[in-house]
Amino acid sequence: MLPVQENMEILGNSTSKFLTFLLTGIPGLEFAHAWVSIPFCCLYATALCGNSMILFVIITQQSLHEPMCYFLSMLAAADLGLTVSTMSTTLGILWFDACEISLHMCIIQMFFLHGFTFTESGVLLAMAFDCYVAICDPLRYTTILTNYRIIQMGLLMVIRTVVLIVPLLLLLKPLNFCGGNALSHSYCYHPDVIKLACSDTRANSICGLIDLILTTGVDTPCIVLSYILIIHSVLSISSPQERRKVFSTCVSHIGAVSIFYIPMISLSFVHRYGRSAPKVVHSMMADMYLLFPPVLNPIIYSVKTKQIRKAILSLLMK
């Protein structure tokens with residue numbers, strides 16, 4: 001009897017390790033996936049072209065080799081990573097109805113998806129610090145934001161991401177998935193995956209909460225604090241025209257912060273408190289969360305940042 005039980009345990013463990021999940025497209029619109037793929041393709045093409053162009057002009061134009069543009073290039077790289085990490089599974093579902101994904105591929109996708117999300121949050125914090133120094137302490141701007149310090153900040157973002165993501169994903173390996181295997185989105189999202197586990201997921205939830213606190217929980221208050229100090233500094237300027245001019249330098253960053261955090265917070269609320277909401281709401285919120293920042297960030301910075309706009313126009317004219 002014991003050998004039979006041992007064999008069943010081994011079989012159960014191997015099944016959990018090689019489990020196949022089912023990704024979800026747009027619930028209720030499965031018959032129209034080919035048509036739905038058209039706007040998705042347009043959005044992905046916009047995100048890829050826009051962020052690639054910003055990266056290219058910053059790398060090739062010597063006049064753009066300054067702290068603000070370095071941080072913008074990091075933001076564009078993170079947006080490209082987010083786009084590429086989900087594009088294959090989303091379009092695979094819409095074009096070929098390829099809904100299956102193995103646990104190992106799911107973990108790899110989560111590494112890049114959550115990793116680039118954490119990185120983007122760190123880049124937005126660094127850009128808020130750049131705005132703060134430029135407005136509140138402009139005379140020391142060049143001595144504070146040196147190339148060496150910017151490299152250090154970039155390395156800290158990468159190290160923080162790896163240190164937080166790797167334990168989170170390693171904790172998925174021992175889990176047993178014995179219930180349903182249908183995910184709510186067209187990509188693997190950590191809270192969505194652990195819902196399907198029939199093992200104890202307290203360690204996974206605690207690790208996920210710690211990661212959230214050490215990324216969004218730290219970055220968001222710091223960004224808010226930087227803007228409180230910026231507003232205080234701007235209000236001390238007597239000339240209304242000068243106030244508008246100074247504050248306009250932060251408009252692009254405010255837009256980038258809004259389109260990153262609002263969909264992310266909305267998706268978190270839907271996952272935790274909106275379980276009775278229609279599945280199509282979950283799906284659309286998840287797609288907005290990952291598609292809006294990569295699509296809109298290049299547009300915002302191209303329109304509102306004069307140097308970037310000039311560089312892109314000169315590139316297109318050539």
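Every residue gets a Cβ built from N, Cα and C, even glycine.
Positions annotated as domain 'G-protein coupled receptors family 1 profile' by TrEMBL: 50-301.
Residues or ranges marked as transmembrane segment by TrEMBL: 32-58 (among others). For the transmembrane segment (32-58), the residues of the chain that approach it from at least six positions outside its boundaries are 25-26, 64-65, 69-70, 72-73, 76-77, 79-80, 83-84, 87, 90-91, 93-95, 97, 287, 291, 294-295, 297-299, 301-302, 308, 311-312, 315, judged by C-beta separation under 8 angstroms.
Annotated transmembrane segment per TrEMBL: 70-95 (among others), in sequence order. Non-local neighbours of the transmembrane segment (70-95) in the same chain are 23-25, 33-34, 36-37, 40-41, 44, 47-48, 51-52, 54-55, 58-59, 101, 109, 112-113, 115-117, 119-120, 123-124, 126-127, 130, 147, 150, 154, 157, 186-188, 256, 287, 290-291, 293-294, 297-298, 301, 305, 308; each lies 6+ residues outside the stretch with a CB under 8 Å from one of its CB atoms.
For the transmembrane segment (101-129), the list of distant contacts is 16-23, 68, 71-72, 74-75, 78-79, 81-82, 84-86, 89, 153, 156-158, 160-162, 164-166, 168-169, 172-173, 177, 187-190, 193, 211, 215-216, 219, 222-223, 226-227, 253, 256-257, 260, 264, 290, 293: same-chain residues at least six beyond its ends, Cβ to Cβ under 8 Å. TrEMBL lists 101-129 (among others) with the feature transmembrane segment.
Annotation comment: TrEMBL describes 150-172 (among others) as transmembrane segment.
Residues annotated as transmembrane segment in TrEMBL: 212-234 (among others).
Among the features that TrEMBL reports, transmembrane segment is placed at 246-264 (among others).
Outside the transmembrane segment (284-303) by six or more residues, the chain places 26, 40, 43-44, 46-47, 50-51, 53-54, 72, 75-76, 79-80, 82-83, 86, 90, 113, 120, 184-187, 189, 252, 255-256, 259-260, 263-264, 266-267, 270, 309, 312 with a CB less than 8 A from a CB of the stretch. What TrEMBL records for 284-303 (among others) is transmembrane segment.
With a threshold of 8 Å between CB atoms, the same-chain residues lying at least 6 positions outside the transmembrane segment (212-234) that come near it are 118, 121-122, 124-125, 128-129, 131-132, 135-136, 160, 164, 243, 246-247, 250, 254, 257, 261, 264.
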